[in-house]
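Here's the structure we're looking at; comments come further down.
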There are 2 protein chains.
Amino acid sequence: MASIAILGYGVVGTGTAELINKNKERFKKITGEELKLSNILVRNIEKHKQKKNSKILTDNFEHILKSPVDIIVEVMGGINPAYKYVKKALASKKHVVTANKDLMAEHGKELLDIAHENGVTLNFEASVGGGIPILKPLMECLTGNEIVSIKAILNGTTNFILSKMYSENMSYEDALKIAQDLGFAEANPDSDVLGYDAARKLSILSTIAYDKKVNWKDIHIEGITNIDADDFKYAKANGYNIKLLAISRKEENGIFASVQPVIVDKNSELSKIENELNAIVIKGDAVGDVVFSGKGAGMFPTASAVFGDIADIIQNRNKRSIQFNSENASIQTLYNYKSNWLIRIKTADKINAMCNLTGNFKNCYIFKNELNPKDEVVAIIKEETENDLNCKLQELKASSHTEYIKKFLHIK
Amino acid sequence: MASIAILGYGVVGTGTAELINKNKERFKKITGEELKLSNILVRNIEKHKQKKNSKILTDNFEHILKSPVDIIVEVMGGINPAYKYVKKALASKKHVVTANKDLMAEHGKELLDIAHENGVTLNFEASVGGGIPILKPLMECLTGNEIVSIKAILNGTTNFILSKMYSENMSYEDALKIAQDLGFAEANPDSDVLGYDAARKLSILSTIAYDKKVNWKDIHIEGITNIDADDFKYAKANGYNIKLLAISRKEENGIFASVQPVIVDKNSELSKIENELNAIVIKGDAVGDVVFSGKGAGMFPTASAVFGDIADIIQNRNKRSIQFNSENASIQTLYNYKSNWLIRIKTADKINAMCNLTGNFKNCYIFKNELNPKDEVVAIIKEETENDLNCKLQELKASSHTEYIKKFLHIK
């Protein structure tokens with residue numbers, strides 16, 4: 001028998017409890033193992049008294065730790081007290097399953113080490129891509145590959161907002177409002193719209209993929225708060241869509257890692273990942289591109305991943321968790337492959353800006369006047385590295401006529 | 001140390017040997033385990049003398065069986081002698097990895113039972129979807145789900161041919177010829193173009209997904225040999241593409257399972273799976289739709305999956321393989337959900353056929369004359385089950401004026 005405690009009884013905790021109870025019989029039939037939901041830790045028992053499983057609620061973590069529970073599922077979210085609890089659980093030789101990307105991005109290395117020292121497993125499939133199987137396939141199925149690159153839509157909130165802006169020509173503000181009304185965005189959406197959530201997930205994925213520590217704070221992070229309806233107008237006019245992509249790539253001298261809005265071909269597979277869906281494209285040197293997509297959040301999709309992690313522990317009791325390398329990757333923040341760029345220059349001197357662009361760039365297509373206002377030059381620049389692009393735009397950027405320059409990388 | 005023998009030194013065997021040698025160092029660093037390629041079984045040693053690893057070639061299977069090898073990798077393909085060898089290997093308590101879908105579709109149940117009795121593992125990730133991680137994610141990550149349905153492009157050869165017919169308006173014969181010239185189709189392409197290969201893979205996936213034996217011979221199988229350029233003309237005129245889909249779905253009284261050419265929206269995710277790529281969409285009751293796509297064949301993609309299976313055995317020595325249920329599923333071959341259909345009726349009496357259609361179907365859109373020749377009626381019929389459709393078309397089918405009726409299911 002496997003005895004399970006859940007820390008947290010919010011959306012994911014509720015879904016996990018339900019999946020455990022629902023799957024008991026089938027799981028026993030297939031594996032011969034009995035599942036028992038022993039405890040659910042909540043802060044305020046009164047608040048949850050009306051819910052299912054009210055008899056096993058507790059507000060005492062130490063009580064769970066001392067009980068004969070085998071697996072502790074942490075679905076509280078946030079760093080505190082999750083960090084303290086998971087550490088104690090592992091040190092007490094309890095297996096742990098967590099859905100907590102903040103925790104794993106911040107303290108994954110330490111927690112996996114503690115799991116290792118104590119001969120227990122720490123699984124965290126739900127921390128990236130929600131219900132999409134991605135960490136186990138990456139760690140186990142693709143282990144014969146050197147991972148070359150990752151490009152992914154890892155945040156459902158921002159993808160929902162950008163999808164609305166694309167398909168319904170909405171403003172950022174209106175799209176965010178709808179996302180909040182539908183429960184896809186929180187009242188304080190900062191961690192999503194500023195790109196932090198995606199960066200944490202990218203850091204977990206990249207740390208595993210390249211076997212070097214990719215600190216999320218070292219990643220170049222740009223959110224979607226500056227994207228406006230005109231960006232979409234210009235992107236569309238060229239057959240592009242705009243997506244917030246998390247990208248990383250093995251380079252000679254380190255790892256390029258970035259979360260930023262990019263333009264993608266409107267018929268590309270990533271453009272077709274709509275609304276709250278997530279997608280991860282992993283390129284391995286042997287397998288080529290492999291794409292995983294599905295629901296990156298939500299009660300049952302997340303609980304599906306948590307349940308898979310629980311089953312993994314029960315069926316492979318002696319398995320060792322992966323360890324994160326302690327060696328920090330040297331993070332590159334410029335995209336130094338020859339790429340195409342969409343550029344918007346807000347300027348009081350269009351003529352000068354256009355001359356500057358055509359003088360500096362061999363392949364530069366300036367948008368016709370009717371599309372853009374009289375104080376803006378919009379262009380597609382082809383085959384430039386980010387470094388060269390920045391250098392060649394420096395003079396324009398420094399000009400007193402230039403209000404701002406906005407640029408979008410094109411990702412294939 | 002893990003000692004590995006490979007049976008077969010063709011494309012996949014060569015790729016596997018190369019990946020084993022290439023990954024030795026990295027694998028040891030990560031897992032502490034040493035990989036050793038001990039033997040490669042070939043029929044004719046002379047023929048392979050010039051290749052790498054010539055010192056470990058053998059033509060004596062019994063010799064491998066008696067050696068202290070831990071894992072035997074079967075990449076010979078076909079049923080004989082692979083079936084005999086794998087059986088003997090498992091009975092001699094060797095772990096086995098196979099990429100052989102014919103073998104697993106035909107004898108999977110028996111072989112997994114033998115593995116079980118002997119306390120060894122039989123892994124077969126590469127048998128479905130080539131390099132795409134699909135069986136392990138399905139069996140392990142999605143185990144908290146009841147699987148509702150599968151829809152998949154499982155055969156790269158036919159997908160390549162159909163892609164060419166769609167994007168370049170080619171005839172079937174011309175597209176097949178190109179596929180053969182490029183090595184995507186064999187000289188005798190029957191097993192691919194008749195749908196058998198996809199049906200075998202669907203049987204493996206479905207047997208796992210629904211925990212009932214889905215015999216591939218019970219599946220409704222329709223290949224692509226009857227698809228012509230006009231089918232694409234009519235499909236395109238309505239915003240559709242044609243794909244050979246392997247579909248299965250849990251029903252009240254059994255499992256619907258079919259391999260057939262269907263129409264899909266040209267902007268759908270399955271329509272975007274082009275050329276030799278594969279894709280599998282699995283719907284779980286908790287997770288919703290999860291999509292996996294990538295290269296379904298080829299030297300290194302397949303070897304990538306084989307290597308993942310080898311690593312899985314080494315890292316989880318005590319793991320039990322899945323077992324196939326011996327209970328046969330009741331296979332339904334009619335798609336009895338209300339769906340849309342593209343219909344072509346070749347007839348000497350168009351007026352009668354059109355009256356018949358409009359009389360029988362509430363939602364029937366007959367194509368304008370300019371698109372189709374004078375002996376053909378083409379229509380989109382909406383919201384009919386396959387059974388109702390067949391019944392309502394019976395009269396027309398029986399008419400002496402009707403030469404044939406061709407129909408395509410629309411899959412969303």
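Here the Cβ of each residue, glycine as well, is placed from N, Cα and C on the backbone.
Positions annotated as active site, proton donor by TrEMBL: B:K201. In the three-state DSSP assignment, the secondary structure recorded for B:K201 (active site, proton donor) is helix.
When secondary structure is read from DSSP and collapsed to three states, B:L7 (NADP(+) binding site) falls in the strand class. Here TrEMBL flags B:L7, B:G8, B:Y9, B:G10, B:V11, B:V12, B:G13, B:T14 as NADP(+) binding site.
The NADPH binding site annotation in TrEMBL covers B:K101. For B:K101 (NADPH binding site), the same-chain residues 6+ apart in sequence whose C-beta sits under 8 angstroms from its C-beta are B:S127, B:V128, B:D197, B:R200, B:K201, B:I204.
The L-homoserine binding site feature in TrEMBL is assigned to B:E186. Cβ contacts within 10 Å of B:E186 (L-homoserine binding site), excluding its own Cβ and spanning all protein chains shown: 13.
Taken from TrEMBL, the feature domain 'Aspartate/homoserine dehydrogenase NAD-binding' covers B:8-125.
The domain 'Homoserine dehydrogenase catalytic' annotation in TrEMBL covers B:133-310.
Cβ contacts within 10 Å of B:G13 (NADP(+) binding site), excluding its own Cβ and spanning all protein chains shown: 28. Shown in sequence order, B:I6, B:G15, B:T16, B:A17, B:V75, B:M76 are the same-chain residues outside B:L7, B:G8, B:Y9, B:G10, B:V11, B:V12, B:G13, B:T14 whose Cβ sits within 8 Å of the Cβ centre of the NADP(+) site. B:T14 (NADP(+) binding site) and B:E186 (L-homoserine binding site) have their C-alpha atoms 19 Å apart, to the nearest angstrom. According to its DSSP assignment, B:G13 (NADP(+) binding site) is helical. Taking the Cβ of B:Y9 (NADP(+) binding site) as centre and 10 Å as the limit, one finds 25 other Cβ atoms among all the protein chains shown. The number of other Cβ atoms within 10 Å of the Cβ belonging to B:T14 (NADP(+) binding site), over all protein chains shown, comes to 21. Of all the binding-site residues listed here (B:L7, B:G8, B:Y9, B:V12), B:V12 has the Cα closest to the Cα of B:E186 (L-homoserine binding site).
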